[in-house]
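Asker: The CoA binding site annotation in Swiss-Prot covers 189, 190, 191, 192, 311, 335, 523, 584 and rests on sequence analysis. As annotated by Swiss-Prot, ATP binding site applies to 387, 388, 389, 411, 412, 413, 414, 415, 416, 500, 515, 526, with the evidence given as sequence analysis. Under the heading Mg(2+) binding site, Swiss-Prot lists 537, 539, 542. Summarising the annotation, Swiss-Prot assigns N6-acetyllysine to 609 and lists sequence analysis as the type of evidence.
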């Protein structure tokens, strides 16, 4: 664990919005008197009807979370209209295509027109306030237009990552009963086409079998590639927007009206629809974007995430645009045409603030420094990381090589459920320790508790909980409030349980140690082990499967699968490849197994429970101390698993 400290550099402190003194003062007020603090900072967005109530939350009983509840606003208005008078000609979105020679710039005035037209197309086809619209798009500006158009008319968007399979897309369409889908003919990633429209068609057939019928599909033409077409259902975006006006008044939304649903992996296998509402979410996304990235007007800001993840929602679209920023949207991948792409884009567009994932940093670090140093990167002044803890070696490389030892590295810990940053340094206020997410953001009260729920004081290792609500917090699991209570509030009564383990050091800095539940963090993306297990078991030769994570040099966590086959079948390399393909088809490439070990049996207790602790140890090639195995029904199973492990690092 690194204990090296990087103090706040003088030049950073000199221009920062928040210094140490202000951080301490504001933080104290935010936790001692949240009504007063958020009552003041809620005014950073425009309200049609000002709120008089600030915080109305309870983490016990039925669990109810309401912020600014009697206020009325509109997210699209705050991200576009309010900037037009003074900054209409400023660039809102820089789009950098997969092909390095293709890019475009969209001003706030142009963004207004695009969003109003798309909103009018939705209205023309019967989409109303409260209806759910599924967005299955690549990283093109139309994805942002679609989100903002939904927000403008009060429709609830559900963005599904373009790398997910038709089956995963169908499950998300069915869960929120969405009848309108926005997609495009094909996406492009690393020079290769992605069949989004064909995937959508397949997903719609699967959804129809579950009695959810999609009535309209709006299709953006990206490549001009051939796709299936259903006349009467499918609509070309370019034809539709030509038939409507470029004016659409924003609907007055209550602060607690839903803004979006975003599905995230749970430990039970069925993805959870995380529901975020309008007012509190936008206040929090906007405020964290400004202070965590020390955003100054005129900065060029680039977050490399996909809009299919919460990072894309909060820190490509809503946070930056609400702050009248110029936000860069990147369609491509870090290693196409080669591993220098990120750094070339930074030079090309004079990027000042750069936010990416540790998994990308580790893979680019492995490619060598030359790809970085052949670019100037002189425009950079701040680097950020998101998605998983960053190991100190990758942190130092990012700081020394990418940032030339002059850009603070802002390691942000947060979740789909939190809406925005929770534990993070503020660049002008907090000395940095490589590998630590450092200290809580305003209004965030972290607590470490032991397995019995006892709150630990001082330097300690424990389960990370949050003791009180903050405005960006999710409000419920869509359609299943009981699951919301059970998942987040039943383990430690009266506290929000994050599912993460954490260490607090003697300086009060927080170090995230990883998931403590059955959720994997693969390349910064959450995947439930149960999802991967059920995908494996759906193959006709598999009788049983257990999935665990193990340390992976690039992805952070790899996916290790133990598979028991139907009687009479042998495990072969061909079958291994077939199972990898099968999982990719069921969930998407993100869930590709890294290791598959064929096993005659799994270690179970006499009551039939799989002992995952043992499977984790074997996957980590660390089986010297397996702990208590006395409850195993068949101890010989373990010897076989050890002998045939796929991760032999030792003789």
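Glycine residues also receive a Cβ, built from the backbone N, Cα and C atoms like all the rest.
Can you tell me where each of these features sits in the structure?
Answerer: In the three-state DSSP scheme, residue 335 (CoA binding site) falls into the coil class.
Annotation for residue 389 (ATP binding site): same-chain Cβ neighbours under 8 Å, separated by at least 6 residues, are 358, 411, 413, 435, 437, 511, 512, 513, 514, 556.
DSSP gives residue 537 (Mg(2+) binding site) a helix state. There are 14 other CB atoms within 10 A of the CB of residue 537 (Mg(2+) binding site), with all protein chains counted.
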Asker: If I take the Cα of residue 539 (Mg(2+) binding site) as reference, which of the binding-site residues 192, 311, 335 has the closest Cα?
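Answerer: Result: the closest of the binding-site residues to residue 539 (Mg(2+) binding site) is 192.
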Asker: Report, in whole Å, the straight Cα-to-Cα distance of residue 542 (Mg(2+) binding site) from residue 523 (CoA binding site).
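Answerer: Per the Cα atoms, residue 523 (CoA binding site) and residue 542 (Mg(2+) binding site) stand 27 Å apart.
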Asker: Can you tell me whether DSSP puts residue 389 (ATP binding site) in helix, strand or coil?
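Answerer: Note: residue 389 (ATP binding site) is coil by DSSP, not helix or strand.
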Asker: Can you give me the residues near the recorded Mg(2+) site, meaning same chain, not 537, 539, 542 themselves, Cβ no more than 8 Å from the center of the site's Cβ atoms?
Answerer: 535, 536, 538, 540, 541, 543, 545, 563, 579, 582
